[in-house]
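Q: So TrEMBL lists the following for this protein:
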{"type": "COMPBIAS", "residues": "B:1-13", "note": "compositional bias 'Polar residues'"}
{"type": "DOMAIN", "residues": "B:80-280", "note": "domain 'ABC transmembrane type-1'"}
{"type": "REGION", "residues": "B:1-26", "note": "region 'Disordered'"}
{"type": "TRANSMEM", "residues": "B:34-57", "note": "transmembrane segment"}
{"type": "TRANSMEM", "residues": "B:77-106", "note": "transmembrane segment"}
{"type": "TRANSMEM", "residues": "B:118-138", "note": "transmembrane segment"}
{"type": "TRANSMEM", "residues": "B:150-169", "note": "transmembrane segment"}
{"type": "TRANSMEM", "residues": "B:202-223", "note": "transmembrane segment"}
{"type": "TRANSMEM", "residues": "B:258-279", "note": "transmembrane segment"}
Amino acid sequence: MAIEARHINKAFGATSVLQDVSVEVPSGSLTALLGPSGGGKSTLLRVIAGLEQPDSGTVLIAGADVTRLAPQRRNVGFVFQHYAAFKHMTVFDNIAFGLQIRKRPKNEIHKRVHELLELVHLDQFAKRYPAQLSGGQRQRMALARALAVEPEVLLLDEPFGALDAQVRKELRAWLRRLHDDVHVTTVFVTHDQEEAIEVADTIVVLAGGRVEQSGSPHEVYDNPANEFVMRFLGPVTELDGRLVRPHDIELTAEPEPGSAEATVERVVRLGFEVRVEMRLGDQDAWAQVTRGLAERLRLAPGETVHVRPGPDARTLAVV
Amino acid sequence: MTSKILETDSTGLGTPPGPVRPVARRRPPGAPTALGLGSAMIFLSLIVLIPLAAVLWKSAEHGPGFFWKSVTTPDAWAALKLTVVASIIVALINLVMGTLIAWVLVRDSFPGKAVLDTLIDLPFALPTIVAGLVLLELYGADSPLGINLAYTRVGVAVALLFVTLPFVVRTVQPVLLELDRDMEQAAASLGAGNWTIFRRIILPNLLPAMVSGTALAFTRSIAEFGSTVLISGNLPFKTQVAAVQIFGQIENDNTASAAAVSTALLVVAFVVLVTLDLVQRWGSRRG
Ligand SMILES: Nc1ncnc2c1ncn2[C@@H]1O[C@H](COP(=O)(O)OP(=O)(O)OP(=O)(O)O)[C@@H](O)[C@H]1O
Ligand SMILES: [Mg+2]
């Protein structure tokens, strides 16, 4: 394990922010800390980095107990949500900072910084100041700065949070590729479930200061441990007292075993997919079907259809 | 005559000459508005430029020879020297202590912090002559603290320190408040110790504010009159500062000499301000 956090508790004054949080991050993995705002993600990350002291619990990095170690000596690369660029230094000096602290020879620093600049595609910006970069460029600079000291683990706090949707998507894919190249154990915080599923190989769902579930994206999506995780990881609808993913709902023209009658209220086309909004008795539900199926069933407001969870559908009883 | 100058001034800078433009004028964003720039220039002219020009004019009235003689009379020269040297020392002390106080006010928490924060501005509120009186009571011959600074140069410096305290504190404080703490934490996680973080991250970001606060303290200090007049005893060649010397000249109807010494002070202030500005530009280019 590259990182082990054991039974971490942390409170700010009277508000408890982390409650008995235990997380394991395997070496070389790309782990997402996923959860709603205020769930304690940043706090956990900061506890791992040593920027915050836990009230109780232990943090191990590469097997060594670092709970009482200063952030300077944990060999952790930290990337902040708002870049935390050294705004009075050029891009080059930002990235060189950690190496200069370590008193590495000048030519070695020069070589390493230029390698990193290439890695994050900022070679032509070495002499610029952070204010002269775009948000995405600044974030890549911050990443290069953290990578420069060859950290044991890389911690990213909502690395793409402040960027617009398009840049976010690009950087996400880029981060995945970078991780495949560099292989440094990475934990990144996000509250975007799509981002976590797309980029991470392990997801830890953190909400209300507790770990709700952890596992591969596949596991947490398909076998959510509870209603919260199921709702947080993707769209859900309620069918007969159970939560189902709308794409797992089967629609038929004729009644089938276990199906219920529903009245179509609205049909919304979203490109290839069709969103069917229905009324089941006194409840609303919706299903996501393909355009082909919608046309075959001639779905239109007022029509009657029969619905049931599909054969492979994962459902969860609503409590 | 004055109004004539102002008129040409404002129109010259304000409405551009030539034919009237179409109604929907396009102005690049950030371009000075005619009204804004015009009002600023009129105001500056009335309040600053014209009075300063008048002082310069007065001092130049009798030619450069007279100017030089007025400035280099033994008592004027001594007063100027004392003023400039004391002001430099006072400005440097302010630089260090003002920054320290700003630091404590922003970064530390202790009981009475809000009170202290309010107290900082009081030297501005007190009439300087009252400040001088209080200082004389406290640090004069009958000092309850047993410290007698009356009629000494140290006394002059203390008076100057008292009135110039807020400058550095109040310029550094807001910058420190706004300083991104994440930068310091990023540096820490990159391995930088506290001293390195201060030297390489905090100081470069505070320096412009520290320098302008120090410049303000210096320029205020070379012109100070009220607070020094009592504690210094105004001993020529020993504790008489330039402002007091100038006042003496005016009382003796020697306005041209007074203007000359004033001009010397203005030149010193100007040179210092320009130098500091250059140093700052040079520093920010170097990063
Ligand atoms: N320094 C602090 N002092 C007091 N309360 C804090 C502090 N830092 C965080 N908190 C509180 O701890 C809780 C968790 O904060 P945290 O920043 O860890 O959440 P998060 O999961 O990162 O949320 P977000 O997605 O919005 O960044 C919040 O309720 C926050 O108000
Ligand atoms: Mg956060």
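Think of each number as a place in line: the chain as shown, counted from 1.
The backbone N, Cα and C atoms fix where each Cβ goes, glycine too.
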Q: Which one, B:118-138, B:150-169, B:202-223, has the most C-beta pairs under 8 Å toward the transmembrane segment (B:77-106)?
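A: Of the candidates B:118-138, B:150-169, B:202-223, B:150-169 scores highest.
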Q: Residues of the same chain, at least six outside the transmembrane segment (B:202-223), with any C-beta under 8 angstroms of its C-beta?
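A: Long-range Cβ neighbours of the transmembrane segment (B:202-223): 83-84, 86-88, 90-92, 94-95, 98-99, 160, 163-164, 167-172, 174-176, 179, 183-184, 242-243, 265, 268-269, 272-273, 276, 279-280, 283-284, 287.
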Q: May I ask for the residues of the chain that lie six or more residues beyond the transmembrane segment (B:118-138) and have a Cβ under 8 Å from a Cβ within it?
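A: Answer is 101, 105, 144-145, 147, 149-150, 155, 158-159, 162-166, 169-170, 224-231.
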